[in-house]
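Quick notes on the structure that follows.
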């Protein structure tokens, strides 16, 4: 079989302007970037008032190093729905260069279920992530500069010379890190302001851009005005009295928003069979809320009969945050969920680690790992929507094990179960899955959130841990206990919680496989994201700046004299 890159290069692409017109966009609603991609102007939101489509959210079992094929299934299902004569659109996140050059690789799908050209999607796209980085770092430069000048001049002289209010920033009161779109562990904790005339020194650090609150704001905003208002609420620092200093207080919110004026527009590309795909925003699902943008979904639902999107990692991560953060804030309600699994994933979740063992038939291990799939089925079903299991088939899978798994799923809360072979067969590989999903979308459902807005903040943490993960409870560090009191006293207890934890286990501990029980979720820190509209709970050892592994992905990537990039897929 050809490589992903070769398949992408051989694709018969539609001119993006023609594809956009078929999708229902007017010429002045598209800002073209050559013939392969276009920004979609938000005026289409006003022109089309009603959402007409069914929203399908794709999630997965607990992820493993072997890859479950969630994006492959998202794109493949989109292609199959189109092949059945439906007007359909996929909505996915923009890939971060951290995973592209790290361990995961690209995020365009794979095989014959791809968004193309895949190299353009995986590297830069239309520059949205760079715009987020630039806007974020402008905020960091602005608050550091303000601290420098206020310290240098004092209150009276500062106000006299600048005409601005003295913010009285507390020593070590700056909360706003800098960001970069790479995995770079040495930047996690740094000292800034060192040296003469460089400002008061303070401890800071870098996060990956996907963890920036600005990225979450981009993904959750309804329009440009909403994004501007949210950016104004960003908490950059605290003053000596402990009060928050916002981007609006600093006077930098407008400039930060201006840097993201084009980033607020989704990017239109296409699948291998010419279905439209909107790519927008890129928050990670382990350290952020892990879903593409509200704006992209809104536009797609106004133009398509079916919209297929995905949440990052397993249903305890991106799907949970789709429901309790994205859907809560936007009012979007999915019609059905597709839960991706593989024989390999179930065996890995039983405790097997070697490729040889996982690829070999092993009925006992498959049955042991099935508990993880059943947990995820029940986890999705508790939100009140039908769940369809998609078994992503690999060449090493045996018919006997696949048939056993299909039969086992029939005894669960799942609406249906189908094989998916879109990686090798493209649109033909998920026709049965597409038909089952269409039937599921017609079922009566009552989408339900896990907890109400007015639940106490500590109770939200307990509910997420005990109901959302099956934990025995939550423990808060001394710092988290103080932060809990502060956030409640300041009136932020109504916000939803974004758990930042490992994706490699339903629990907080990546070593606990299958369906862990009896564990306590350790919350070490609570972080207010006032602009994004949620509180992040940092759990266990999760990091907001990843590091490169022993054998990073960049080792495979190169470019020839002809300009052709190799090694992305």
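Using the three backbone atoms N, Cα and C, a Cβ is placed for every residue, glycine included.
What Swiss-Prot says about this protein:
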BINDING   64, 65, 66, 67, 68, 69, 70, 71  ATP binding site
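A map of Swiss-Prot features onto the structure.
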{"residue": "64", "record": "ATP binding site", "Cβ contacts under 8 Å, 6 or more apart": "344, 345, 348, 349, 504"}
{"residue": "65", "record": "ATP binding site", "Cβ contacts under 8 Å, 6 or more apart": "348"}
{"residue": "66", "record": "ATP binding site", "Cβ contacts under 8 Å, 6 or more apart": "342, 344, 345, 348, 355, 358"}
{"residue": "67", "record": "ATP binding site", "Cβ contacts under 8 Å, 6 or more apart": "none"}
{"residue": "68", "record": "ATP binding site", "Cβ contacts under 8 Å, 6 or more apart": "60, 61, 340, 341, 342, 345, 392"}
{"residue": "69", "record": "ATP binding site", "Cβ contacts under 8 Å, 6 or more apart": "110, 340, 342, 392, 420, 423"}
{"residue": "70", "record": "ATP binding site", "Cβ contacts under 8 Å, 6 or more apart": "58, 59, 60, 310, 340"}
{"residue": "71", "record": "ATP binding site", "Cβ contacts under 8 Å, 6 or more apart": "92, 107, 108, 109, 110, 310"}
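Same-chain residues that are not part of 64, 65, 66, 67, 68, 69, 70, 71 yet have a Cβ within 8 Å of the Cβ center of the ATP site turn out to be 60, 63, 340, 342, 345, 392.
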